[in-house]
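Student: I have a structure here, written as structure tokens, and I will follow up with some questions on it.
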Amino acid sequence: MENQERKPRRRRRRRPQEGSQGGPQDHVEIIPLGGMGEIGKNITVFRFRDEIFVLDGGLAFPEEGMPGVDLLIPRVDYLIEHRHKIKAWVLTHGHEDHIGGLPFLLPMIFGKESPVPIYGARLTLGLLRGKLEEFGLRPGAFNLKEISPDDRIQVGRYFTLDLFRMTHSIPDNSGVVIRTPIGTIVHTGDFKLDPTPIDGKVSHLAKVAQAGAEGVLLLIADATNAERPGYTPSEMEIAKELDRVIGRAPGRVFVTTFASHIHRIQSVIWAAEKYGRKVAMEGRSMLKFSRIALELGYLKVKDRLYTLEEVKDLPDHQVLILATGSQGQPMSVLHRLAFEGHAKMAIKPGDTVILSSSPIPGNEEAVNRVINRLYALGAYVLYPPTYKVHASGHASQEELKLILNLTTPRFFLPWHGEVRHQMNFKWLAESMSRPPEKTLIGENGAVYRLTRETFEKVGEVPHGVLYVDGLGVGDITEEILADRRHMAEEGLVVITALAGEDPVVEVVSRGFVKAGERLLGEVRRMALEALKNGVREKKPLERIRDDIYYPVKKFLKKATGRDPMILPVVIEG
């Protein structure tokens with residue numbers, strides 16, 4: 001028995017934990033469902049084996065050619081299918097393009113409640129709670145977990161997240177160091193490297209440098225301003241310029257900026273208080289964001305905020321009004337003031353209007369229309385770049401170079417930008433001697449597989465956009481949008497035909513050329529002839545409808561050069 005060979009005991013294979021190494025076939029899948037090749041709808045899925053965490057869940061705003069559409073949100077079929085694998089949802093900050101989609105996405109994926117932890121900083125969760133309540137959801141039904149912008153989170157068995165504070169155009173903004181069994185990923189989140197932020201809280205680059213020293217497998221970084229050379233101006237520079245122009249304004253001052261730009265609003269309030277002006281706010285989103293920021297201590301006022309009614313009878317030099325409308329939105333306060341449609345107040349000569357913002361791509365014409373109207377009403381209008389009253393919240397080229405140098409990643413994925421921004425970031429990296437093949441240009445819906453040695457696109461998941469129209473989500477198709485554009489551009493002609501013993505036709509046009517009685521009379525005659533023939537020959541209603549549609553379409557095109565939407569409605573009498 002003593003000489004009998006002993007069999008080695010089989011050891012149980014341990015699952016990889018934080019800092020441990022996965023097997024040679026292990027990989028992380030990175031799946032952007034929004035935010036690649038576009039501005040907005042930011043949401044990214046990270047998966048290792050059977051565990052997922054999601055980063056952000058944003059929305060986008062409709063472009064000019066999307067009539068009737070209120071919001072755009074990303075399709076999340078993949079997350080609905082794999083909901084049981086989701087271990088956490090992590091929010092980098094409270095901007096709409098990062099959390100605005102959650103009141104729609106959370107019920108789609110989880111229903112009206114979920115135990116999955118949703119991590120966010122204090123202001124971020126404060127804004128999210130307000131959004132959930134606004135859409136009839138109970139914040140308490142979702143597992144909202146407050147963290148600081150520099151916390152560590154253990155997500156499931158495989159992901160350890162070290163958040164790091166990054167300056168941006170909203171407080172409590174973070175990037176994330178993602179430690180996985182195969183290596184480290186650094187995600188910058190939205191950022192700029194502001195040396196003198198309004199709240200004094202600078203970017204925590206020590207964590208970025210530490211990750212770089214340990215070795216970064218993949219860098220995912222903000223490409224928004226990759227075309228801009230130099231550095232993005234500090235928010236404190238903008239505060240000084242706002243102080244200067246508000247101090248010199250002779251009459252009332254109106255300021256518009258993004259409602260979520262708490263630091264900019266704080267700068268305006270400081271200047272108003274310095275020069276003895278009472279601050280009133282007008283506009284739903286401005287009031288909502290500021291109320292939450294005040295309650296949570298992110299916005300400070302010496303006195304209090306006033307209503308329009310309280311300041312309208314004060315001397316002009318004692319009044320400052322913060323208003324919505326930085327993007328020229330038709331129902332915003334500034335737009336209504338510019339077009340003399342505001343019920344409580346009107347622009348008058350001697351007023352100063354400050355646009356402390358820059359137009360989002362696609363909104364330039366709307367903003368210019370508002371500016372021109374304000375000038376026509378006698379206001380002084382101050383806007384960038386003529387006045388230094390706005391700075392971007394995103395890093396320019398020299399700041400992006402610093403992040404690349406601190407992390408020296410093996411692989412690189414430019415994120416948060418249109419294709420031109422991504423490409424310019426790629427070229428910037430190549431100018432620093434990075435191999436071109438180590439950088440991928442991200443696409444929504446792509447599945448990227450990251451191993452210790454490779455980073456490649458290996459497939460796609462269902463992706464795209466859902467249109468939000470009032471209470472409807474996803475029930476607007478591209479075909480419906482095309483119909484709406486057609487009606488908006490060419491107009492509508494409705495032909496109502498009653499098929500019976502005594503056929504009757506009525507014709508109504510909207511948004512079409514000024515159709516005289518002769519033109520509409522000819523349409524009515526053609527439709528009535530087709531209707532009578534159809535009734536006599538006992539044709540199906542669909543066939544009668546076609547017999548009306550095609551001749552009328554051809555006639556109107558020839559007579560007017562226009563191609564209106566023609567809607568024949570044939571009713572059996």
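Keep in mind that glycine also has a Cβ here, set from the backbone N, Cα and C atoms.
Okay, these came from Swiss-Prot:
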type    : residues                                                       : note
REGION  : 1-29                                                           : region 'Disordered'
SITE    : Ala60                                                          : site 'Substrate binding'
BINDING : His93, His95, His168, Asp190                                   : Zn(2+) 1 binding site
BINDING : Asp97, His98, Asp190, His416                                   : Zn(2+) 2 binding site
BINDING : Ala259, Ser260, His261, His390, Ala391, Ser392, Gly393, His394 : substrate binding site
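Relative to the rest of the structure, where do these features sit?
Tutor: Of all Cβ atoms in the shown protein chains, 22 besides its own fall within 10 Å of the Cβ of Ala60 (site 'Substrate binding').
According to its DSSP assignment, His168 (Zn(2+) 1 binding site) is coil. For His168 (Zn(2+) 1 binding site), the same-chain residues that are 6 or more apart in sequence and have a Cβ closer than 8 Å to its Cβ are His93, Gly189, Asp190, Phe191, Lys192, Gly393, His394.
Secondary structure from DSSP puts His416 (Zn(2+) 2 binding site) in coil.
Remark: Ala259 (substrate binding site) has Gly283, Ser285, Met286, Lys288, Phe289, Ser290, Thr324 as non-local neighbours, by Cβ distance under 8 Å and separation of at least 6 in sequence. Look at Ala259 (substrate binding site): DSSP puts it in coil.
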Student: For a quick check of packing: other C-beta atoms within 10 Å of the C-beta of Ser260 (substrate binding site), how many?
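Tutor: Result for Ser260 (substrate binding site): 24 neighbouring Cβ atoms inside 10 Å.
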Student: For the substrate site made of Ala259, Ser260, His261, His390, Ala391, Ser392, Gly393, His394, how many Å separate the two farthest Cα atoms?
Tutor: 17
Student: Nearest to Ala60 (site 'Substrate binding') by Cα distance: which of the binding-site residues His95, Asp97, His261, His390, His416 is it?
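Tutor: Nearest by Cα distance to Ala60 (site 'Substrate binding'): Asp97.
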Student: Given the binding-site residues His95, His416, which one has the fewest other C-beta atoms within 10 angstroms of its C-beta?
Tutor: His95
Student: Using C-alpha atoms, which one of the binding-site residues His95, Asp97, His98, His416 comes nearest to Ser260 (substrate binding site)?
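Tutor: Checked the binding-site residues His95, Asp97, His98, His416; minimum Cα distance to Ser260 (substrate binding site) goes to His95.
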Student: What's the CA to CA span in angstrom from His416 (Zn(2+) 2 binding site) over to His95 (Zn(2+) 1 binding site)?
Tutor: 13
Student: Work through the binding-site residues one by one (His95, Asp97, His98) and name whichever has its CA nearest to the CA of His261 (substrate binding site).
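Tutor: Spatially nearest to His261 (substrate binding site) by Cα position is His95.
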Student: Please report how many Å separate the Cα atom of His98 (Zn(2+) 2 binding site) from that of His390 (substrate binding site), as a whole number.
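Tutor: On Cα coordinates alone, these residues lie 22 Å apart.
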